[in-house]
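In what follows, a structure is listed as structure tokens, so that the remarks can point back to it.
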Amino acid sequence: MTELELLGPRASGDALGTAVLKAVAEDFQVDEVLDIPLSGQGEHLWLWVEKRDLNTEEAARRLARAAGVPARSISYAGLKDRQALTRQWFSLHLPGKADPDLSRAEDETLRVLKQVRHQRKLQRGAHSANGFTLRLTGLQADHPALDARLEQLKQQGVPNYFGAQRFGHAGGNVHDALDWATRQALPEQRNVRSRLLSAARSYLFNQVLAARVADGSWQHAQVGDLLAFTDSRSFFAAGEAECSDPRLAILDLHPTGPLWGEGPAPGGGTPQALETEVGARHPQLCQWLARAGMDHERRILRLPIGRLTWHYPEPDILQLEFVLPAGCFATVVVRELVDLVPAGQTDSPCVF
């Protein structure tokens, strides 16, 4: 499957050129934003960890092993990219135990930067946002055109697609999900089951969003839409009055799309008709998600880009800094700017 099939059309026009992303880990930096005051006491040890070219699950296993606790005793808020330099929180459950020596977990790929005690463990999804510093190298694009496009993105946001990495190489996760859905069976391995269910839901959401990008309605509320605020999981139906809510214009309130699960798609009008049509094209996936016990949830169609700044450390390098809500993909921002080409090493440092 191609990227266009997995995501959908761009909203801002054709790519303005080409660039390389992730030539080195420092080109893709992620800092988890967690708005939780830590007390300094309790049976949970929270760890602020820097990872380089290491996925979150492997980092968790190494930290648990070094602490001498089972893997179920370590928690994290969210998964971060492997091919990146990332900083995120973990928590270890250590009732009645002293702080362990975690140096055995550390090497050039993992460093523990801070340790703080707290009364509660870190819950999945507890982070409010992620801060990104991206360096696009080998840039071949007109700077004034990029500047104008970035100003446009700052004002209108981007389609909140699930990024291509959610679907595996060439959409392999979607193909695997379709295979299981055809048999209406679930993988026994929990991590495989979670990955494929997530890929299926993400693919269906992207199909709905792609249709609304194509007809221009992705950033406009329609009667029957279910609206949600940027940082809220609750939603409400849009009537005529809600469609002109001024908070839509300032990127605070957004139309949403479906994260498929049990029960009919809520909402009404044209939006519901579209979602029903997408579901009818993929009945086995929808039935599979419902039978797996997934609840029907919503995700905003429009992604506001917080604190967006950019500069050019060199003529062929564009550095971007911005903040996105948890669960959103930095690569869909880049996609509205340039086409990415395969990585090749660069020697230029990342300037902050």
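Quick reminder: no glycine exception, Cβ is built from N, Cα and C everywhere.
Here is what Swiss-Prot says about this protein:
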- D81: active site, nucleophile (ACT_SITE)
- 157-303: domain 'TRUD' (DOMAIN)
Taking DSSP H, G, I as helix and E, B as strand, the domain 'TRUD' (157-303) contains 73 helix, 23 strand, 51 coil
Listed in sequence order, the residues of the same chain lying six or more positions from the residue listed as 'active site, nucleophile' whose CB sits under 8 Å from its CB are F28, V30, N55, Q165
